[in-house]
Structures are given as structure tokens and as C-alpha cells.
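J.: Just dropping this structure here.
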Amino acid sequence: MGEPDPTAPKLAPARDRVGPINERLAPLYPEFEGLNYANPFQLLVAVVLSAQCTDKRVNTITPALFARFPTAADMATCDIRELEQLVKPSGFYKNKAKNIRAACVEMVARFGGQVPTDLDDLVSLPGVGRKTANVIRGHAFETPGVTVDTHVGRLSRRLGLTRHQSPVKVELALAEIVPQAEWLHFSGRLIMHGRKVCLARKPRCEQCAVADLCPKVGVKGLAASRRRKKKAKPDSPQRAQRAQREPESK
Ligand code: SF4
């Protein structure tokens, strides 16, 4: 667990900072980049494909995919090899194709070929975790949940909004302090801020619009660990070889 930056000025409690943080991020990410979809079924498929893949790339794959298989019933009975080829550019395509088809089989068998709206029903579908379910509920059914992916978890901890590591606990902690109407937008903004500024390995605190509202929990430790690693590692294999060959001068 990281510690707050001891050099940072004392900040207001998370509950009082989260509003201003959200307000500052809002104009920076007015329409966070997202997936193209026309209905809940297309959104579910697109979200499954977006694991370990950019939204942009998914958006290049889905038009042909949905033209070939327009409904869950079509996808439930498709040839898995054909589906694999269509989703291949998204990476991990065998697994994704298997999960998507299995989810469609379940939707046809249990939900009349429709995407269920209930969170428990959604997470019972193959390949659909809590994060995916919340994205679907928030975007397709306007029943928002706080989407917690790796960015939202990391930023929430750095911003001192929660100390939890578990995505479910982060989700509940954010739901306590962020107004429900903002759940979806706030998580979308944190995702974009995590992609563009508060990067996992090297947060750009000096360029950050919410730096004065952020205790930078764990960030100092990150910089120290990077310095240690750099020191421990020779700059290049060639330099390491030279160091071994050349005796130290006295
Ligand atoms: S970039 Fe730095 S200041 Fe901004 S949210 Fe991340 S840790 Fe906080």
C-alpha cells in the first residue's frame, strides 16, 4: 500500500475533493473515447473485445462483425472459426470468440436473446465480469454503476479516494462519495486521465490538472523504485560486458 507524498500540503477529505476533481477533469475529457455500438448486444460484444485492445481498434472490427452476425441468436449458432477470424485483430481472439459465442448461447437460452439488465444476470454470462457489466448497465441501460478498471483503481488510490485494492471495494467506495448521476462520467474521466496523464509507471504530475487536489499516494515510492532499478541495472548489455572485462582502476 502506498503512502501519501509527505511533502504535499494537507488536503481536504476525499468526499470534499472528489467534486472539484470531477469538475476539473470534465472539460478535459468531454466525450471520452469510446466504443461504437447500436444496441446492448453490440455493446456487450464490443466491451468483451476491448479487453487488452484499444477502443479504436475494436471500432474497426465491429462493423463487419455485426453485419455478419446482427443478433445474439446469429452469433450463438455461428461457426467459431469464422468468428475467430473476424475478431482476430483484437488479440486473444480464440478466448474472446469462445466467450462471446457462449454468452450469446446463454442469452438465447435464458434471456430471450436479449442482454439482461440485472447485474447478477450479466456477470453470470461467460466473459462478463463486474466491470463489463457496469459498463453495459451504465451505457446501454442508463443504470449506472462505477466502472472500475485498472486505471480507475490506480487513480482512485493515488488521489486518496480509497485505499482499497479490490475493484469491488473501490467501486463501493467511489459510489459512496460520487453522486450517482456522475458515476459513469467520473469513471470514464479517470480512465482517460489514467491513459493520458496519470500513467501507471510514470505519472505526469507536473502536467496534471488536479495535482493540487492529489496526495499522490504511492507516487514517490514509484519514483524511488525506478531510481533503484536504474542504478541496479547497467545501461546497456554492451556496457555490462565492458564492466566485466575491464578491471576497476585503483
Ligand atoms: S498525475 Fe500525479 S497529481 Fe495527477 S492524479 Fe496522478 S498522481 Fe495525482
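Using N, Cα and C of the backbone, Cβ positions are placed for all residues, glycine too.
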J.: Select one of C104, C198: the residue that TrEMBL places in the [4Fe-4S] cluster site alongside C205, C208, C214.
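T.: Looking through C104, C198, the residue TrEMBL assigns to the [4Fe-4S] cluster site is C198.
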J.: Using DSSP, how many residues of the domain 'Helix-hairpin-helix DNA-binding motif class 1' (120-139) fall into helix, strand and coil, respectively?
T.: 14 helix, 0 strand, 6 coil
J.: What are the DSSP helix/strand/coil residue counts across the domain 'Helix-hairpin-helix DNA-binding motif class 1' (84-103)?
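T.: In the domain 'Helix-hairpin-helix DNA-binding motif class 1' (84-103), the DSSP-based counts are 18 helix, 0 strand, 2 coil.
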J.: Across all chains shown, how many C-beta atoms besides its own are within 10 angstroms of the C-beta of C198 ([4Fe-4S] cluster binding site)?
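T.: A 10 Å sphere around the Cβ of C198 ([4Fe-4S] cluster binding site) contains 25 other Cβ atoms.
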J.: Within 8 Å of the centroid of the Cβ atoms of C198, C205, C208, C214, which other residues of that chain place their own Cβ, given that this set defines the recorded [4Fe-4S] cluster site?
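T.: For the [4Fe-4S] cluster site, the extra neighbours are R158, L159, V197, P203, R204, V210, A211, K216, V219.
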J.: Indicate whether C214 ([4Fe-4S] cluster binding site) is helix, strand or coil by DSSP.
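T.: In the DSSP reduction, C214 ([4Fe-4S] cluster binding site) maps to coil.
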